[in-house]
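Report on the following structure.
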Amino acid sequence: MQMIEWVQSIFKKKALHQTAFVTVGSLINGVSLLVLNIVLARALSREVFGIFSLSVLALSTAAELSDFGLNLGLLRFAPYYIATNQTEKLKQLIKTIWRWRVILTWVLTVGGIVLSYPLAKYMFGQAKVAPYLAYSFLGIGGVILLGFLATFLQAKQRFFYQASVQSLKGFLRLAIVVILAIFGVENLFAYLSVYIFVPWILFIVNYGVFPEKFRTVEVDGEVKKNLHSQLAKFSFWLTISSLLGIIGGKIDQVIISHYLGLEYVAVFTVAWQFLQIFMVLNGSISSVLMPKISSLKNKAELVIFVKRVFKWVLVGTIGIAFLIYPSQYLINFIFGQKYVEAMPVYLILAYSMLLNILAIPLSMTITVFNKTHIMAVAAFFQTVIFIISNLVFIPRYGIMGAAYAYVVVQVATFMWNLIWSLYLIKKKDFNIV
């Protein structure tokens with residue numbers, strides 16, 4: 001009876017309702033992307049779909065490289081300024097991050113186009129991918145700026161609005177791809193155009209959500225110095241962590257491309273499609289909880305918050321675990337017989353991904369203590385372990401080797417976050433912004 005009441009109390013939490021909003025939006029976006037990939041995977045050969053996958057990988061990686069901890073910096077400090085009605089300081093923070101975002105957009109777009117051939121030939125080992133990589137880099141700005149807008153909505157806790165933007169991004173991409181497919185379009189550049197320009201359109205349409213005239217606000221010299229110092233102190237190690245995480249997170253497909261070829265890049269991409277639900281769930285929970293944990297005022301509140309979050313995250317994780325095994329058969333049903341090899345890969349990746357969800361309150365604890373250097377050190381070892389594991393396992397076990405390497409990294413990362421979060425709560429003071 002107490003267990004039932006406990007579960008019922010969890011489902012009454014406001015944070016759970018807000019998580020549901022974000023999850024629905026992300027699910028619509030994720031499911032739309034899944035269906036989009038299903039359409040292309042069934043319509044195109046494995047090799048051509050592999051080219052599409054590598055092009056999208058290059059676009060998303062370049063966009064992630066632009067972050068430098070800026071979005072999380074906004075999410076860390078903006079809720080505090082909003083909660084304390086420091087409107088001018090909020091505008092100054094947004095303007096500062098905005099300028100960096102625009103500069104990085106130009107640098108990565110031009111740099112990506114110029115370096116597309118060396119990347120295709122020497123990194124992916126597939127020179128014929130070069131023109132598609134170059135074209136995909138035109139979408140970097142849209143992804144960067146729309147992500148900045150979505151982070152601002154998170155900071156203001158406008159979760160329904162954020163979910164709507166996420167939903168539209170996926171729905172518009174899918175709708176246009178379906179229309180192109182109906183008319184028999186086979187040009188891969190046309191499908192890449194959909195992926196590239198939809199984020200640009202959504203950013204332009206929703207630009208008005210930012211504070212009025214934030215780009216023209218005057219930033220006092222002393223305030224600017226303090227603001228830059230605050231962001232730099234928080235973001236420096238986070239940037240190192242993010243860059244290492246991006247390198248480590250993408251290296252498996254690069255090594256697969258080198259050792260196994262484009263067809264197995266497609267197989268791994270298909271296996272990863274069904275893991276989008278985990279990414280959606282992880283991102284949705286973090287989106288809702290990060291501004292809340294950032295607005296806490298003392299360690300006692302933090303401990304209570306983390307315990308509550310861990311309880312309902314654990315319940316959700318156990319429920320998902322029972323659904324993983326039967327869900328593997330959807331790969332054959334949806335993508336077809338040519339992607340049956342993706343099923344065992346998916347199983348191993350999915351079960352190891354559960355640790356990633358359980359670690360959400362642990363990693364947020366490290367972040368809210370502003371101990372981002374701990375995350376950077378973790379990312380370094382994670383990247384080294386992941387690269388070595390992939391180089392050892394993929395040549396020996398083929399496509400399954402990439403899954404084995406992922407398990408090793410997930411276990412190591414979870415243990416690291418667990419040990420450090422417990423240490424910080426027990427030994428360190430809670431620093432308020």
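Here the Cβ of each residue, glycine as well, is placed from N, Cα and C on the backbone.
Here is what TrEMBL records for this protein:
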TRANSMEM  21-44  transmembrane segment
TRANSMEM  50-77  transmembrane segment
TRANSMEM  98-120  transmembrane segment
TRANSMEM  132-153  transmembrane segment
TRANSMEM  165-183  transmembrane segment
TRANSMEM  189-210  transmembrane segment
TRANSMEM  231-251  transmembrane segment
TRANSMEM  271-289  transmembrane segment
TRANSMEM  309-331  transmembrane segment
TRANSMEM  343-362  transmembrane segment
TRANSMEM  374-397  transmembrane segment
TRANSMEM  403-425  transmembrane segment
With an 8 Å cut-off on Cβ pairs and a sequence gap of 6 or more, do the transmembrane segment (374-397) and the transmembrane segment (403-425) reach 3 or more such pairs? yes
Which stretch, 132-153, 189-210, 309-331, 403-425, tops the Cβ pairs under 8 Å count with the transmembrane segment (343-362)? 403-425
Contact set of the transmembrane segment (132-153) with the rest of its chain, CB cutoff 8 A exclusive, min separation 6+ beyond the ends, reads 51-52, 54-56, 58-60, 62-63, 66-67, 70-71, 74-75, 78, 94, 97-98, 101-102, 104-106, 108-109, 112-113, 116-117, 119-120, 159, 161-162, 165-166, 169, 188-189, 192, 195-203, 206-207, 209-210
Mind checking which residues of the chain, 6+ beyond the ends of the transmembrane segment (189-210), have their Cβ under 8 Å from one of its Cβ atoms? 40, 52, 55-56, 59, 94, 132, 135-136, 138-139, 141-143, 145-146, 149, 152-153, 158, 161, 165, 168-169, 172-173, 176-177, 180
